[in-house]
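Asker: First, the structure itself, so that you have it in front of you.
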Amino acid sequence: MPCTWITSDLQLRLILTLFFVAECLSAGMEGTKTSNNSMQQLDNGNHSSVSTTSSTERKQSTVTLYAEVKTSLSVLVDTKAVLTCPPVLWPSVLVVTWEIVLRDKPPCFGAYRRDTNQTTRGNCTDKRITWASRPDENPALQVDPVAITHDGNYTCQIVTSDGNFHHEYHLQVLVPPEVTLIQTEKGTAVCKAAAGKPAAQISWTPEGYCDTEQGPYWGDGTVTVQSTCRWGSRHVLNVSCSVSHLAGNKSLSIQLSQGAEIPAHLKNLYITAPIFIILIVVGSIWLLKISGCRKCKLKKTEHTPVVQEDEMEPYASYTEKNNPLYDITNRVKTSQVLQSEVDASPEVTLL
């Protein structure tokens, strides 16, 4: 009996030990599976977070890129200018707005709303600034024709479901100058680039002693540049004036009548010669007048002897009138003349 109990007790302990070992093994396997699932879920969460962060960073960098786009655009006056908006996916567009700020004018805007397909204008009265085509197809802006007053800033802003994008243009209107080239009386050449925008640059061929001046800016932003050039004693016959400008370059040539500037002594001669000629003519007329008057007086004296007695010197005429001797002489002469007339009268009667 004692041996039988001992054997059964050992069998029971063996069975219990095997049960506990099997239970421990199954619990260990479940814990390992749970930890693996937890790690996998954690890794998936990290990957999703990283993917979302990278997508957000890309979107933010794209918005910043378009927000900083600025373009300087130069357009010739009396031509057509087309300004485009940033390239975006059109289905995501909500609103398109053009803001226009011109020189010495209040800002104005034009807008298009895609959900209602409506356009609006605010404080924009210039009919030359319009949509390039239908805004629901292309929101570009056009200026036709371009005038000097269209200098300014034009900004296109697009609101989309992904963010805001805008493109700013600084529009500069170019005005070609009117170029002229002349020669002055002083022998210098003058090249003028009038009413250009911006200011032009002038150069000469061949080079000489040149002075270039820039005038004041007019109200429309145009300016005149003038260059005066001389070549001193050099024998220069042909000169060229070259004008450089953003609207285009132009060159003019001229043939000088004299290769050098007129000397100073010749200038003085040209001034004084006419004066001498005038003085000679006036002097000649005066001398002729004096000589003619003298001849007239001599003829009158020959025909009227009595006038000669009247023109005697004052002292002689006074002596004749107041001296008694002259009175006696005159009386004797008078009596002799009368006697001669009496003697001659009978002869005339006899005849």
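The backbone N, Cα and C atoms fix where each Cβ goes, and this holds for glycine too.
For reference, TrEMBL lists these features for the protein:
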type     : residues : note
COMPBIAS : 35-55    : compositional bias 'Polar residues'
DOMAIN   : 139-257  : domain 'Ig-like'
REGION   : 35-56    : region 'Disordered'
SIGNAL   : 1-26     : signal peptide
TRANSMEM : 269-288  : transmembrane segment
Asker: DSSP says what for the domain 'Ig-like' (139-257): how many helix, strand, coil residues?
Answerer: 3 helix, 71 strand, 45 coil
Asker: Please work out the mean pLDDT for the residues of the domain 'Ig-like' (139-257).
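Answerer: Mean per-residue confidence for the domain 'Ig-like' (139-257): 94 out of 100.
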